[in-house]
C-alpha cells in the first residue's frame, strides 16, 4: 500500500472534475446502467443500422466500462458522424461531485448530486472509499435515505426520498474510479492512499445509504454490469450485498446475482433486535437464519458475513456471544464486530475495547473468524452507520406545486 498522509486539497477530485465529471443532461437517455441488449435497442431507435447495432453496443460498453470515458469525443474508433448522433440523443456524463472529504486515515467520502427525476428535487448521496493493505473497498448507496429506522444508524434518521436507479448506483463506482485514477491513462491524485499495484477499487460493498433489497431490481442490474467480464469485470466474490434481513430477497440474491452476502445482525434476541433493527418484527431471527442456511452456493469458501455493532450494555455480554454461536450453528460464517461509530444525536455508546476483545475471544474459540473492524473515516462521518445526506422528500403540497409548474 502506498502510505502517504499528504492530503492537501490539490489531490482532491473536486479540483480535477471540470473536464470529465459533469451534471447529466436529464433530457437525454443515459447509456450508463443499460444492459448491452438495451443499448442495442436504444441505438436502433435513433437510426443506427441494425446490422451495426450489436458491434456499436460492444464498442460503447468497452469505452464506458473498460476505458472509463465520460465524453463521446474520446471514443476514438467511432466516426465523428456517429459521435454526433450519440451526443445528440444520449448522455454518459457523471453526476456532480458536491463535496469530497479525506480522512486522516486515507478514507475518502464523496457527496454526489443526481438530477431531479419527475417532480422531485435533485438528490444527494454519499459514497465512501476505504483503502487497505492490498485492496481498496468502495461502499455504495442504493437509496436516498432509508425506511428501516435502525436506531443505531445515522442514515435511519433520514426518511426515504427515493430509490437510486441502476445508472446512479454504477455512477458511484465510475466517479470513484475517475477520482482515484483507476481507469487507463488516468492519474491517481497526489497524496492518495491506494493499493500500490493493480486496481484502486478491488472490492465493492452495498453497505451505504439504504436497504439494497428494497431496491432489488436496480441493485441487481448494477451489480451484474459491474461484474460483467467484458467491462468493469469485478469478481462476484469481491462484491458484497448487505441486508438488514429482507428475507424474501435473500434467496433471490443468491440465485440471480450470485454475490457475497452480509447480514446486519446486531442482536441475538428478537426483543433486542426489534429495538435495534425494526424490520426484525416482520422477519424475526428464526426466518432470517433459515434464509441464510438456504443461501445458494453457501460453503466454507463462500461464507456469509454477519455484522454485529458493539453497543455498551445492550448486546455485548458474554452470554450474547454464546447465544450468537448457537444462532449461527451450521452456517459457514464470519462475524465482523463493529465498534459503534457515534453520530450527532445518537443515544448509544460503544462497548469498552476490553469487552469487545472478550466477546471476540468467545466467538473465535467456537471456530468462527471474528475480526474487530477498525473504524475508518470516523473524523469525516464516513464510518459504518454514519452516512446521511441533506436530501429530504418533497411535501405533498410542494410536489403538486412543482408538478403544476412543469405541466405534469
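Cβ coordinates are placed from backbone N, Cα and C, and glycine is handled just like the others.
The feature active site, proton acceptor is assigned by Swiss-Prot to 126. Secondary structure from DSSP puts residue 126 (active site, proton acceptor) in a beta strand.
Under the heading active site, S-methylcysteine intermediate, Swiss-Prot lists 384, citing sequence analysis as support.
Mapped onto three states, the DSSP output places residue 150 ([4Fe-4S] cluster binding site) in coil. Look at Swiss-Prot and you will find 146, 150, 153 tagged as [4Fe-4S] cluster binding site.
Counted within 10 Å of its Cβ, the other Cβ atoms near residue 242 (S-adenosyl-L-methionine binding site) come to 21, all protein chains included. The annotation S-adenosyl-L-methionine binding site is assigned in Swiss-Prot to 210, 211, 242, 264, 265, 266, 341 on the grounds of sequence analysis.
Summarising the annotation, Swiss-Prot assigns disulfide bond to 139-384 and lists sequence analysis as the type of evidence. Around the Cβ of residue 139 (disulfide bond), 28 further Cβ atoms fall within 10 Å across all displayed protein chains.
What Swiss-Prot lists as domain 'Radical SAM core' is 132-373, and the listing cites sequence analysis. Residues belonging to the domain 'Radical SAM core' (132-373) score a mean pLDDT of 93 in the model.
A straight line from the CA of residue 146 ([4Fe-4S] cluster binding site) to the CA of residue 341 (S-adenosyl-L-methionine binding site) spans 18 Å. In this view, residue 341 (S-adenosyl-L-methionine binding site) is surrounded by 23 other Cβ atoms within 10 Å of its Cβ, with every protein chain counted. Comparing Cβ neighbour counts within 10 Å across the binding-site residues 146, 150, the minimum falls on 150.
Counting only same-chain residues at least 6 apart in sequence, those with a Cβ under 8 Å from the Cβ of residue 264 (S-adenosyl-L-methionine binding site) are 150, 242, 243, 244, 245, 277, 307. By the criterion of other Cβ atoms within 10 Å of the residue's own Cβ, the least surrounded of the binding-site residues 153, 265 is 153.
The secondary structure of residue 139 (disulfide bond), as reduced to three states from DSSP, is extended strand.
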